[in-house]
C-alpha cells in the first residue's frame with residue numbers, strides 16, 4: 001500500500017457509477033443505501049480486499065476481508081467477496097452526509113496494491129422544489145401524464161405517494177409492470193409519456209405523489225404532483241369526464257444542490273372536468289440541495 005502507483009481496475013456501482021477521467025462517482029440518498037461492486041482479475045481470489053479513505057494507511061481502512069473469510073460487516077459498511085465471479089461488493093446502509101467523500105476500493109497484494117478511486121456523494125432524500133397542482137372532485141377520476149426522454153423508453157415507470165425518492169419504487173401504488181385497485185398506469189412509448197389514472201377519488205387521496213422513471217445506472221428521474229380532492233356539492237353525472245394533467249419530469253442528479261425551476265400552473269376549474277395541462281419549465285440539468 002506504500003506504492004505511489006495506483007493501478008485502476010473495473011468498478012461498477014449498482015446504484016450509480018459514472019467514470020469521470022480516473023474517478024468513479026457513486027451516489028445514494030440520505031437514509032438509503034449505496035452498493036459498490038468491484039471486479040478483479042484471475043488469481044486474486046484469495047487476496048485481501050478492502051475499502052479505505054484518506055491516505056489508505058492501516059488506520060484508514062474502513063472495512064476489509066481476512067484470510068479465508070469472504071464476508072464481513074463493520075458499522076454501516078459490509079463487504080462480500082464472491083470469488084467465483086471475482087467481484088467484491090461493499091454495501092453502505094443508513095447513508096448520512098458524513099459518508100460523502102473520497103474512498104479507495106482495493107486489492108492487497110505483494111509489493112503493489114491495486115486501487116480505484118471512488119467519490120461517494122449523498123443526496124438529500126427529497127423531491128422537488130416545483131410541483132404541479134392537480135384538483136379533482138370526489139367520486140370522479142383524474143389522469144396525470146408524465147413525459148420522459150427517448151432514452152427512458154424501455155425503463156420501468158412508477159407512481160408513489162410522498163416525496164421520498166429512496167422509497168418510492170418499493171412503495172409504489174402502481175408500476176408499468178403492475179396495476180392495482182383504483183390506480184392504473186399506461187405507458188405510451190410512441191409519444192414518450194406514461195399516464196396514471198386514479199378512479200373513485202376520495203379526500204384521502206389528497207397529498208403529494210411522485211412520477212418515477214427507473215434508471216439502471218444513475219438516480220431515478222422524478223416529478224412531483226400535488227393532488228387536491230374536493231367533496232362534490234352536486235350529484236355527479238353518470239359519465240363524468242376525467243381531468244388530464246401533464247407534468248414535465250424533473251431529473252434528480254448526484255449534484256448536492258436544490259432543484260430550481262420556474263413553473264406555469266393552470267389549476268383546473270373545480271366546477272367541471274374540462275381537460276387542463278400543467279407544465280413545469282426547467283433546464284436539462286437540475287442540481288439538488290446541499
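Including glycine, each Cβ sits where the backbone N, Cα and C put it.
Here TrEMBL flags 256-271 as compositional bias 'Low complexity'.
The average per-residue pLDDT of the prediction over the domain 'Immunoglobulin' (23-123) is 91, rounded to a whole number. Marked as domain 'Immunoglobulin' by TrEMBL: 23-123 (among others).
What TrEMBL records for 131-230 (among others) is domain 'Immunoglobulin'.
Sequence annotations record features per position, and here TrEMBL assigns region 'Disordered' to 256-277.
Annotation source TrEMBL lists signal peptide at 1-21.
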| message | DSSP on the domain 'Immunoglobulin' (131-230): how many residues come out helix, how many strand, how many coil? | response | 10 helix, 50 strand, 40 coil
